[in-house]
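I am attaching a structure below and will ask some questions about it afterwards.
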Amino acid sequence: MDDGNENNENAQHDEYDEEEIEIPIDEIIIEEVDDDHLLEGEGEFQIITQPSNNNNNSNNNNFGDIYVSNPNTPRNNNNNNNNNNNNNNNNNNNNNNNSNNSFNNNKKNEVSIGISENTNENNNKNNNNNNNNNDDYNDGADERVKTEEEIKKEAENELNQSVPFLSLFRFADNTDKVLMFLGTIAAVINGAAMPTVSLVFGLVVDAFKPTQFNDDPNYDIYDTVRSISFYLLMLGGGVFVLSYLETTLWMIAGERQTSRIRREYLESTLRQEIGWFDTNKANELSSRINSDTVLFEEAIGEKVGRFIHFFSTFVAGFVIGFTKGWQLTLVITSVSPLLAIGGFFTAKMMTQMTKLGQEAYSRAGGVAEENIGSIRTVATFSGEKLAIDKYSNNLKDARTVGYKRSFFNGLGLGFVQFVILGTYALAFWYGSTLISNKVTNSVSDRPWTGGDVVSVFFAVIIGATSIGQASPCLALFAQGRGAAYKIFQVIDRQSKANPFSTRGIKPETLSGEIEFKDVGFHYPSRPDVPIFNGFNLKIKPGQTVGLVGDSGGGKSTIISLLERFYDPCQGEILLDGEDIRKFNVRGLRQKIGLVNQEPVLFATTISENIRYGKEGATQDEIEEAAKLANAHSFISQLPQGYNTLVGEKGVQMSGGQRQRIAIARAVIKNPNILLLDESTSALDAESTKLVQEALDVLMKGRTTIVIAHNLSTIRNADVIIYIKKGVAVERGTHDELMAKQGLYFDLVEKQSHQQMYNLLENGTRSRRSSTFSAEVNPLLDSFHVSKRSLRKNESESNKKDKEDSNNKKKKKSNKKKVEEVPMSRVVKYNRPELGLWCFGFLSAVGTGAVYPGFAMVFTEMLTIFQNPDPNYLTDHANFVALMFVALAVGAGISNFFQGFLFSVIGEKLTYRLRRDCFAAIMRQDVGWFDLPENSTGKLTSHLATDAALVQGMTSQRLGIVLQNILTMVGGLVIAFYSGWQLTLVIIACFPLVVITSKVQMQILAGFSSKDGCGPAGQVASEAISGIRTVASFTTEKQVVELYKKQQKGPSSEGIKKAHISGFAFGFTQLILFCVYCLSFWYGGKLVGSGVFGATDKEISDNCTPQTIPYLWKDYDTCERAQNTIYGFNSMTRVFFAIVMSAIGVGQASSFAPDLAKAKAAAVSVFKLLDTPSKIDPTTEDGDRIDIVGGDIEFKNLHFSYPTRPDNSVFRGFTLTLQSGTTTALVGDSGGGKSTCLSLLQRFYNPVVGEIFIDGHNIKNLNVRHLRHLFGLVGQEPTLFSGTIADNIRYGKHDATQEEIEEASKLSNSHSFIIDLPNGYNTELGEKYTQLSGGQKQRIAIARAIIRNPKILLLDESTSALDADSTKLVQEALENVMKGRTTIVIAHNLLTIQNADCIAYVRAGQIIERGTHDELLEAEGPYSQLWYNQQQK
């Protein structure tokens, strides 16, 4: 098969040819072959003929109707034609030789027997169609495999690339654009309002200019200041409206776009071809829709409006500065390149670090979803610690990246603050020089005044400070751009089989003619392992075709190709004469009905699960389909009937019930083509017979492909085809194949004799014996029984199904008051970072002291400007400039350490919370996961978002809040010291600010606490994890619509939150402007009335005979001037101290939405952490049994599932198993057999009764120790992403490679594993779809065997295996079972007839028990079940 793949690659891509090796002549290789691979009449050797370079047909040596060939070489090898068509050169021989070289490297080359009726025809196929036609289809075909260097280069490019900021808004609709436009206008005007205060303040400064008393002795300061205060009040009203609009409009626009992007991402994910999911983990994809989109929303919501606001402030400040005094402004802006360089570097590094961090978090989310979704397997094999460690390792990667991001974040903040305050030093020094030298202001055409300098300086202060305030927004934008990169990659990817596309043929009906022509195929995740190479198959309309053969031979791949889950790498598949790639994908799949071996149900009602097969189906149609699938009886007996919730992945239903619902889902589709992949494997005998009858009716007139290991289900097929290693080696009717006595004949013989305990006695195969017909006649010929008796049995079987089915959950309306988690508890969780806390707190103190210090220094500078003495101005201005330099250095250092340390604290908290939350989930009992609120989607959503949001209480945001609190306190201390009267009046307004902020936080917390994203996240998670079922039943649009419906609740709450947040923020800003207004008005009054003024000493020191004639008109004027100067100093010190306090309050309140989210998330997180486990598998408590014998006793058990307390599963169940014996449980589907195993493993506790092992009550045993006693092989094996070796080692965590291989040999999996290119290191990938059902089951058996368990639990452990594998695995299990207590659940009674005890379970009670012979003699239910099976 490898040869064929290489030939195809060479034919299609000559430019990628590998080194070519010539073999000049034909070679005859004689190779020894194992006995198992010999066919009848063969000796110990096989003849393999390799083709010469010039003979394309030498692969096949025809001997009449039978040819002998190597299945690993292509039957059609016409690559010379391919190469001539693709490239006019003479590389034909080289291509063939390259294939032959690969051929020689094969470990074994087996002889296959096949029908040669189309051999010559196949050899003459014109393969250039395969290369030329594919481009004509609307969806692509195969892609070249990338080299390692290309992959590395692509990874480097991904790291360096980032989504342009504006592209974040690519999904905005017209409404969003209008909202953003209006929000931008509001933000621009609102941002420009604050620098306007600088003009007002310049007027205030000039209003207090003392030299005015020389010109006008009657000048009244109070009247001037009162007029200025009125302007501020008007400005405050405008700011209130603008702040409301800015915040509300951007929040609404962000909420709308995020909802849309989530839908687009989900739709884009669902439209991808199935092969894409083989290389992209579904759990990471679904995790991204919860975690990455949160960062995306942060980057496009109100933070954008806030950034525009700050940027507008920056621009307006500098515009005012240039207008009032371009010389001074130009000096200040000369340092702006430093800010630009620092900002660019910081943003670039933050973007890269964010992307790496999100990738690590996505991997962690994938681990969480995989393990939570497979919690029963995790619990069985005590894999909780492995899961936690794997999850933690990914979190550690994200944490390490977070540390680096924290460093660059702190560095950026510190650098910006240093440059800004350093610029102030330069500005004041230069401004004082302009005043002292009496330089003419070219704008006002008069000498520079203190008011001019203050207006320019204050405008630039506000503008420059806004850059620092915008820095957190830039960090969020960087995170959003990094998160959007992966999201947009999925959205922009063109699917090769797009179910949403309207292109292609949309057939009204199909006759069902199917033809595979020279098909070559390999799975995208395993390009080196060809499945088909030149595969040919033709099916006539209305035919029923049975596919049989070894596991892994390619049977299920045929179905996948027909469904267009994958496209062939070469060749074509024709449907009614048209290549299926020309059909519309959705239209094609709507005409095909599929029932898989492992049915996938969704966490909704039974009715909705069946309706997935036909959109808009009526209830009558649903019930009719259920009747045909033998599901109506058990459904109608459930308390909620068709409205019963099946639970996540159908966990509330038994295996047989799930399968019957899945069959009903296919039946209601009324397809033209029916694909049945082991569709009755999970059913008991009665159900199998009845469902098979229903399927027989359904198959009439339809083309049907049936994959079956149970040959009785395909005995009447029109054609039966034996598939071996991707080649159809035998075909014909049942009678024709039996007459030929070939591989199919062997398979029938093996299956007819298959028993568990006589396999050891019959170690050698009985081939073509003379007594064969007599032995298999009951299996092959007695296919019809009385329908009336079977209907009666069905009624009895289904009568009690309701005990193992789901009851609709009672919905509780919880209108609880929003809980709160004490801040101290969150901080306590960061206790290990006490040292970082101390340094971070000191840094916040330093940063918080900067602004009060600035108020003091700035006030001194204003006082200097008011003094008309130029010598005084020059001397003191230099000192004040040096004080600004000191402030700049301190601010740079404190901001760096504050930003860095608090971010590190936040990263550590996020890591610890996520790890502990996941550990808390892993320690819960299995019954806890049955609850709707604990579904996989909801839990992974909480893990992805809540822990990260809690960081808002302790990380950088908390640092900023602490900083601003200290700023406020420092400012108030200065204000009270400078003028308590004015301070008290202003402080009287503060309760309004505090109350507004508190109300905002409480209301936002109320909205945030509502679990709005959970249901939508659950829909997405289930759809992506069950993508094959979604694709097969073309329910992609339904899923998207359901997701959209689930989004309505969170979206409406988000809009409410936007209005409240906008109003609260606007009202807070209004209060601040009122404070400014009151400060100037009342301050002017205090100065004018003399309350604020100079002391007698200050007057006497400044009003001397030397200064009066030089500066003042007279002594009275000098006295008034000194009172004005010192009064102005007190007033401005109070004012700027209050301004700094107000800035602290304003910035703290701006983080109210984040803090509210953090507090709500903390409630969710700590509620999970505090949830006790009824059955904790991680605790060390409990007894341990030193020497385990294996005696088991179930004593008077009564049990009902936690989600269905009214439906009793067990009613006095009692059973005793002696050590070393085998006990088989048989009976109706849903009767409680699997529940027995669940209770034994303590997935649940019985309501009444006890279970004993060797006399020990299992409730008293350590849970982990208890589960280590068992080896479980379930009906539907669950494997994990990772290598095959990792999955087998999951049974014994410290297993060596030798132990792994030994377990694989015992489970008959070693041979197919070593045939894979990477052997035991083969990555299974997401959902391990590249393995057949039998291969998965054998790996699962190896996983159980490697534990060397004391007690073996087998739940239909061989139901998915073919006859050959079943025999070998049964032999392996027989060896393992020796000396062990074994419980076997089986529908096939042949596998348990030699059990020491057989118990018939019905409705949660054992109605009869005994050996096989004893139960047959009793002629009870077991006897009837046995004879029913023998008559099939």
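Cβ from N, Cα, C; glycine included.
Per Swiss-Prot, the features are:
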BINDING   549-556, 1227-1234  ATP binding site
COMPBIAS  52-62  compositional bias 'Low complexity'
COMPBIAS  76-106  compositional bias 'Low complexity'
COMPBIAS  118-135  compositional bias 'Low complexity'
COMPBIAS  791-807  compositional bias 'Basic and acidic residues'
DOMAIN    180-479  domain 'ABC transmembrane type-1 1'
DOMAIN    514-750  domain 'ABC transporter 1'
DOMAIN    837-1157  domain 'ABC transmembrane type-1 2'
DOMAIN    1192-1428  domain 'ABC transporter 2'
REGION    1-21  region 'Disordered'
REGION    48-149  region 'Disordered'
REGION    787-819  region 'Disordered'
TRANSMEM  185-205  transmembrane segment
TRANSMEM  232-252  transmembrane segment
TRANSMEM  303-323  transmembrane segment
TRANSMEM  325-345  transmembrane segment
TRANSMEM  410-430  transmembrane segment
TRANSMEM  457-477  transmembrane segment
TRANSMEM  838-858  transmembrane segment
TRANSMEM  882-902  transmembrane segment
TRANSMEM  968-988  transmembrane segment
TRANSMEM  989-1009  transmembrane segment
TRANSMEM  1060-1080  transmembrane segment
TRANSMEM  1134-1154  transmembrane segment
May I ask you to report the DSSP-based helix, strand or coil state of K1233 (ATP binding site)?
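Going by the DSSP assignment, K1233 (ATP binding site) falls within a helical segment, counted as helix.
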Quick check: in three-state DSSP terms, what is G1227 (ATP binding site)?
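Its secondary structure by DSSP: strand.
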I'd like to know which of these binding-site residues, S551, S1229, is least surrounded, judged by other CB atoms within 10 A.
S551
Quick check for me: are there 3+ Cβ pairs below 8 Å between the transmembrane segment (968-988) and the transmembrane segment (882-902), leaving out pairs under 6 residues apart?
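Checked: the transmembrane segment (968-988) vs the transmembrane segment (882-902), no contact.
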Provide the three-state secondary structure of K555 (ATP binding site) computed with DSSP.
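Note: K555 (ATP binding site) is helical by DSSP.
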Counting across all protein chains shown, how many other Cβ atoms sit within 10 Å of the Cβ of G1227 (ATP binding site)?
25
Under 8 Å, at least three CB pairs between the transmembrane segment (838-858) and the transmembrane segment (882-902) (pairs 6 or more apart)?
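Yes; at least 3 Cβ pairs under 8 Å.
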Among the binding-site residues G553, G1231, which residue has the fewest other Cβ atoms within 10 Å of its own Cβ?
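With the binding-site residues G553, G1231, fewest surrounding Cβ atoms within 10 Å: G553.
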State the count of C-beta atoms found within 10 angstroms of the C-beta of K555 (ATP binding site), not counting that atom itself.
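There are 28 such Cβ atoms around K555 (ATP binding site).
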Can you find at least 3 Cβ pairs under 8 Å between the transmembrane segment (303-323) and the transmembrane segment (410-430), where each pair is 6 or more residues apart in sequence?
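No, since the transmembrane segment (303-323) and the transmembrane segment (410-430) share fewer than 3 Cβ pairs closer than 8 Å, they do not count as touching.
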Test of understanding: give the count of other CB atoms lying within 10 angstroms of the CB of K1233 (ATP binding site).
29
Could you pull out which residues elsewhere in the chain have a CB under 8 Å from any CB of the transmembrane segment (185-205), counting only those six or more residues past its ends?
224-225, 228, 231-232, 235, 238-239, 242-243, 245-246, 249-250, 305-306, 308-317, 319-320, 324, 450-452, 454-459, 461-463, 466, 862, 865-866, 1076, 1080
Can you tell me how many other Cβ atoms are located within 10 Å of the Cβ belonging to G549 (ATP binding site)?
25
